[in-house]
Structure formats: structure tokens, C-alpha cells
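Novice: Below are the features listed in TrEMBL for this protein:
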ACT_SITE  B:E48  active site, proton donor
BINDING   B:H46, B:C76, B:C79  Zn(2+) binding site
DOMAIN    B:1-105  domain 'CMP/dCMP-type deaminase'
Protein chains: 2
Amino acid sequence: MNEALKQAQIAFESDEIPVGAVIVSKNRIIARAHNQTELLTDVTAHAELLAITAAANYLGAKYLTDCKLYVTLEPCAMCAGALYWSQISEVHFAASDPKRGFVTHNSNLLHPKTKIQSGTLGAQAESLLLKFFEKLRK
Amino acid sequence: MNEALKQAQIAFESDEIPVGAVIVSKNRIIARAHNQTELLTDVTAHAELLAITAAANYLGAKYLTDCKLYVTLEPCAMCAGALYWSQISEVHFAASDPKRGFVTHNSNLLHPKTKIQSGTLGAQAESLLLKFFEKLRK
């Protein structure tokens, strides 16, 4: 999750909503991404979607059945839907997102085989998000 | 919707699940896309996501508030989530997808301002999908 937080920090410094994600396969990071919706002018450029695409590209395979995602914020419905299709084995998120997180909508959005864990480094991830929105308001 | 069906036909001929999408702005088609999950080895390469990215690129703007999406199959949760972020004004889908369509999960996945219409050319879109899965089984 520390590596995902580093990605969130990169997003913060680029004036993007600070969310970062990494995907791990066999104890190796195979994808790192941060939110790039502003840079790419594309609402689909969330850290998770970019990480899924990068991981599939690295593996040369569509399915991420042996992979774990670490992301600093609870995935939205779009990202949860993408994670469903990827059949990823584990999703770890730091901060919760009671407004747009997938758990609020329907925690069944993920694949039934996907294990979910939350809270690790949640305070740090949330504090970075709060700092970002504070900066935005100024 | 005819143009979206043409895109679905292109997907069919490329051995992709035949789903096509177009996005219309001010009565002009600004994006055309078909499912490319096999070609790109990427579960996120659904017709709708590719169309959203292409439309935003064309407009130079993240939000598609004055746009209408025509897609041959009911969007999945991932695509509905992306359509939410895009704030698209209308979503028209041809065939329903009772298994993975967003209405099954939670029809609130779309933005509250987005109007939904379904059924136009639904039989044609469904017949192409059935033909594809029949071919796959052979």
C-alpha cells in the first residue's frame, strides 16, 4: 500500500485527485498508476483502470486471477465493474469512499472470488485527499 | 442505433463479442467504437468506454453533458459507472442484458440527470450476439 500511496502523491503533485494503485503478481509489482483524469481529459482514467490495463499488458493476458490490487481509495462502481471482469484475486483499499465507493452501491459488484480488505494506511490516504480538496477550494 | 449496430457487426467479424457504440453531439456522430477486449487483451476495452474516451478527446472536454450514447447492449456496471462520471445526457441501449447489465445491479449507477431509453433495434442486436455465441460453441 506504501507504493500505492507514492502514486497518490504523484497525482497530488500533478493537481489530480490523489488516488494511486499498484497491482502485484507473485510478490512483484507489475503495474503502478495514478489518477490522470485531468491530464488525459478522460473520466475513465482512474488509477485502477489504468493499472488493470497496464497489468494485463504486462502479463499478455486479460484475466488477473493471480493478482492483488492495492489502491488508496475505495474503488467506484466503474472500477469495481472493471475489477469484476478482470477476476482479480484480491482488492485492498486504504480509505473508504462512502459517497461514490462500490460498497455503498452494491458490494456484489466485484467478482464472487475476489477477496476484499480495507483500512491499511487509510488515515494517510484520506489526509492526502483532504489536503487536495482544501488546496482546490483556495 | 443503426450506426452502433454497424460497429457491433465489425466486432463480430473480428471475433469480438459483438457490441457497438456511438456518441452523438448536436446531431453529429463524434465517436464510434466496438468491443475490443480480445484485440487489446484488456477487459476494460468495452465499446462504451472506448467511445467515451474518443468523444472526450474529440470535444477536448471530460464531460459529455450534451451527448447521447447509442449502444447495442445494456451497459455493464463498469460502463454505467463511466457514464455516470461523464454526466452524459442520454443513454439508449438496444438489447437488454439481464445477467450483467447495470439495471440488474442498480439502475442508480447512472447520473441522476441521464435519461435512459431501451429496446430500439433490440431484436437485431440480440440476434447478432446469439449468432456470435453459437459460432463460439462450434
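Placed from the backbone N, Cα and C atoms, the Cβ positions cover glycine too.
Since we're looking at a predicted model, the values are computed, not measured.
Looking at the shown structure, can you explain where the listed features end up?
Specialist: In the three-state DSSP scheme, B:E48 (active site, proton donor) is classed as helix.
Counting only residues at least six positions away in the same chain, the Cβ atoms of B:H46, B:D97, B:R100, B:G101, B:F102 sit under 8 Å from the Cβ of B:C76 (Zn(2+) binding site). According to DSSP, B:C76 (Zn(2+) binding site) sits within a strand segment.
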Novice: Highest Cβ count within 10 Å among the recorded positions B:H46, B:E48, B:C79: which residue is it?
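Specialist: Counting every other Cβ within 10 Å of each candidate, the maximum falls on B:C79.
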Novice: Between the Cα atoms of B:E48 (active site, proton donor) and B:C79 (Zn(2+) binding site), what distance do you get, rounded to the nearest Å?
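Specialist: About 6 Å separate the Cα atoms of these two residues.
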